[in-house]
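Per TrEMBL, the feature [4Fe-4S] cluster binding site maps to Cys65, Cys69, Cys72. The [2Fe-2S] cluster binding site annotation in TrEMBL covers Cys109, Cys142, Cys202, Arg272. Feature annotation from TrEMBL assigns domain 'Radical SAM core' to 47-277.
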Amino acid sequence: MDLLSTLVDKGLRREAPTRAEALAVLAAPDEELLDVVAAAGRVRRKWFGRRVKLNYLVNLKSGLCPEDCFYCSQRVGSQAGILKYTWLKPEEAAAAAGAGVAGGAKRVCLVASGRGPTDADVGRVSETIAAIKEQHAEVEICACLGLLSEGQAERLREAGAHAYNHNLNTSEAAYGGICTTHGFADRVATVGEARSAGLSACSGLIAGMGESDEDLVDVVFALRDLDVDSVPVNFLIPFEGTPLAKEWHLTPQRALRILAMVRFVCPDVEVRLAGGRELHLRSLQPLALHMVNSLFLGDYLTSEGQAGRADLEMIADAGFVVEGAEEHTLPAHRADLVAVRRRGAGTELPPNA
Ligand code: SF4
């Protein structure tokens, strides 16, 4: 059986490919690219149909970070020309979230720069969650506040957060090359904290930082091992004023192969097209929809995405549909923490439902 048939069969059975198979996807020649996309598309359709979940970022606090993540425009001493501000007020954040919901977003991601929140910050974010929920009771809220200390994930869950995002970004082996102020293990620990507190874990990667194919495969297998519910795939935006400003490694074809590999390794979880998609996929963005089942609407943290309306048109033109608030994102066999929390604790579906 050829590689792509094997990968489709495994994906339909929720079975992981071997590392060699995942590496072979990244090494596929350009002339076979559409076959790779079509194969990953079969796996995507099996678990997510033609639905696309829309997410909207609200940047609660921007810049002024003491950490030194090399890819980040908000890092300590960054010369990147970005907006810097400290904590939006709850009503300001709720107004921003409302704009995303009006555009069709089902999830609002509340993001703050920094190593991690203080307990007072968690209080501030809890007030913001309450302000958003008051106006949009159905919207899913994901917090992305950095490394968590003990008890903070529980507090966020009690405040109404559904999910927590903390990306692994790259492999353990490559991590020292993109940050010196915290390590891979710190990131893994925070993802674990969020999961054990009953938050849906969202964790992904950044491709294009100069990593090897092995690093990409390693980080995606690490995410599979952590059993995260959603995997945002970012493509490096090489901001001037950051140490990775000169790293231009991606082509649209490579970006598509990376998305295919992620879909084969994580067949039944939300794979989200995230930062850098316009820059690196360019006119091939619609092809990515055949593999991802989720994307960020409109702008990102410190860079402008294409307008929300253009995203909606792209989704419709490519034959996909925006996922409704009442639809479950994850297939029924996965313990969908977001859906469980909507229905109330103790109403989990049986494992084989
Ligand atoms: S901790 Fe977050 S905000 Fe700070 S430099 Fe790293 S990625 Fe950027």
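In case you wondered, yes, glycine gets a Cβ from its N, Cα and C as well.
Those TrEMBL annotations? Automatic predictions, nothing curated.
Remember, predicted model here, so these are calculated numbers, not experimental data.
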Binding-site residues close to ligand 1 - of Cys65, Cys69, Cys72, Cys109, Cys142, Cys202, only those whose C-beta is under 6 Å away: Cys65, Cys69, Cys72
10 Å Cα neighbourhood of Cys69 ([4Fe-4S] cluster binding site): matching binding-site residues from Cys142, Cys202, Arg272: none
Spatial separation of Cys72 ([4Fe-4S] cluster binding site) from Cys202 ([2Fe-2S] cluster binding site) - C-alpha basis, Å: 19
For Arg272 ([2Fe-2S] cluster binding site), nearby residues of its own chain (Cβ under 8 Å, 6 or more apart in sequence): Lys53, Asn55, Gly204, Ser230, Val231, Pro232, Val233, Val292, Asn293, Ser294, Leu295, Phe296
Under 8 Å by Cβ from Cys109 ([2Fe-2S] cluster binding site), counting only residues of that chain that are 6 or more apart: Asn55, Tyr56, Leu57, Val58, Cys142, Ala143, Cys144, Asn165, Phe296
For Cys142 ([2Fe-2S] cluster binding site): DSSP state (helix, strand, coil): strand
For the binding-site residues Cys65, Cys69, Cys142, Cys202, the one whose C-beta sees the most other C-beta atoms within 10 angstroms: Cys202
CB-centroid shell, 8 A cutoff, [4Fe-4S] cluster site Cys65, Cys69, Cys72, site residues removed: Glu67, Asp68, Tyr71, Ser73, Gln74, Arg75, Val76, Ser78, Ser113, Cys179
All-chain count of other Cβ atoms within 10 Å of Cys72 ([4Fe-4S] cluster binding site): 25
Mean of the pLDDT scores, which run from 0 to 100, over the domain 'Radical SAM core' (47-277): 95
Assigned element (helix, strand, coil) containing Arg272 ([2Fe-2S] cluster binding site), judged by DSSP: strand
